[in-house]
Amino acid sequence: MRKLEQEDFHESIDVPLSPQNHKDLLADVGAQVQVLNAAFSWSESDRAAAKRATHHLSELAKNEELVNLIVDCGVVPALVMHLQPPPGDSVSKPFEHEVEKGSAFTLGLLAVKPDHQQLIVDAGALPHLVALLKRNKNGVSRSVHGVIRRAADAITNLAHENSSIKSCVRIEGGIPPLVELLDSTDIKVQRAAAGALRTLAFKNDENKNQVGVIGNLVHSSPNIKKEVLDAGALQPVIGLLSSCCSESQREAALLLGQFAAADSVCKVHIVQRGAVPPLIEMLQSPDTQLKEMSAFALGRLAQDPHNQAGIVQIGGIMPLLKLLDSRNGSLQHNAAFALYGLADNQDNVADLIKVGGVQKLLEGDFIVQPTKDCVAKTLKRLEEKIQGRMLCTLPMVFTVPYFQCNLLQVLNHLLYLMRVADKVVQRRIALALAHLCSPEHQRKIFIDNNGLELLLELLESSGIKEQQDGSIALYKMASKAVTISPVDQAPLSPTPQDAYGLVISGRRFYAHRICLLASSDAFRAMFDGGYREKDAKDIEIPNIQWNVFELMMRYIYTGSVNVNLDVAHDLLKAADQYLLEGLKRLCEYAIAQDISIENIMLMYELSDAYNAMSLRHSCILFILEQFDRLSSKPWYSRLIQRIVPEIQEYFEKVLTKPNFVEMTQV
């Protein structure tokens, strides 16, 4: 059951709290009603009598078993009459506010019974109670605070679980003064106003502290939201962000987020009036709910382009990024949504990257799917800014080169920072660009501006995390690079002419001279050079098995062959010996499909033994991709030191070869 706060009166009044005789009680209440009806004037005796009567009735009404009897005696109209000052403009106003306070207090106690709520409203109590809420304009005193608080409490009890009366309070104009009272210097008045507002919004008998109630109002109705704003609630709510009461801070942040939900003008006003610094400070509170609500508010504010840069400049990025580590799903999602908004402003891209924001987004362990989707959209948004794919409208007077330059403003700024910033920032930029840049910009970033060197430094560092970051970034770069398929440059099928007898392990294979000459430099040197095979009719082919030789000749004649893994190693050796580059690539491709954690060292040695560059590159990419599984191996550090020059050579070749540059410029 709802209870109103009790208050000590200065004047001692003897009240029979437990009358034993029902008839005596009826007479007692009736006598108090007669006093109230007869004492409606500014005379000191009348005011004193009315004050005693209201106090006497309130003491009786504290016993809920007597409430029905009191109401049946006709007390409601008399109390409603004394909610207003007596007629006349008396210079002397004895017991000013005291009688009205006692009447409001008693009516609030009577309204605890749901059956009596409508009776009190029908008697005309609401307009007078709303008028009492405005008495703070008459000055600040204990008596003024008391009557205002009792009026707000009475409204709370009248509107409790009564939707019709809630609407009546709104129609009578009760919301604006209640909102204004949230900024009262008296904490009890603030609490009473908050309790009334909460009750008006929801069927809830709790009188929670301060401003949280308006959040419920705002959330429940756009019309009420407008009334709350029009009543001047914005600045008091922003002020409560700095309150020493964490609940007030939390509810104020929630309310600001609701104010900013779909109103761009309001978003800007909230930021202009100083809400962002305390909201950012709240992000670092040990109170999870406080952090959740402040992140919620900042997320809403960050959806406006005017606010995005401001939130970042005041220091909003780092606290939000730290909240991504939270195991509270709502808190994590609110932080992710705020970062999504901040990423919409191209001026914020460098700030996000400089503090390691991209790595945080890429590596985060996100609890719920909406958060994962939000992070993916944030990374996509950053990618679009970096690649110059922002939606942009320029006047016709601008030239195409200007347009392209303008779109690449973010990338150019990052490249500048990658040259002049401290080493930590340079590496973070290189890592982010490896994941988010366009293939057409890879040469500019990683060759012309030394981004590759920064990533290789990470790979060679002593820290596991740095090695992992560098490895993943290099693999991401390689996956974007355009490479030629191992079969793209296979030679055309030769035309058979006069044949040679090639002897392999005693078995003869007839091959046409022109096919052999066209297939490789090794055969051309054999038949056109000073070797003895030049004039021989049968030529011995040593160190090769028949099935391997047969596959080699099939490739020479047709330009293609199916390479099975069981013969791929021997066929690779033969292709390397006879300088058959196309066949060599086919063998390397087949062998690369079998690379594993267990054989990666052997595979790399094989690529080195036969100068198999394609296989070597596959080994390098596998090593970069499988960092987590390989880094614990005792030989991993030595392997990395060995292959770093090969990695550099690989990327320099891939990113600078003509066909790659031409394809990315199409």
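Any Cβ shown, glycine's included, is placed from N, Cα and C.
In TrEMBL, annotation is done automatically, which means it is predicted and not curated.
Noted in TrEMBL for the protein shown:
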- 124-173: repeat 'ARM' (REPEAT)
- 173-215: repeat 'ARM' (REPEAT)
- 274-316: repeat 'ARM' (REPEAT)
- 315-357: repeat 'ARM' (REPEAT)
- 502-565: domain 'BTB' (DOMAIN)
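Residue counts for the repeat 'ARM' (315-357) under DSSP, split into helix (H, G, I), strand (E, B) and coil, are 31 helix, 0 strand, 12 coil. Across the repeat 'ARM' (124-173), DSSP classifies residues as 40 helix, 0 strand, 10 coil. Over the repeat 'ARM' (173-215) the predicted model carries a mean pLDDT of 68.
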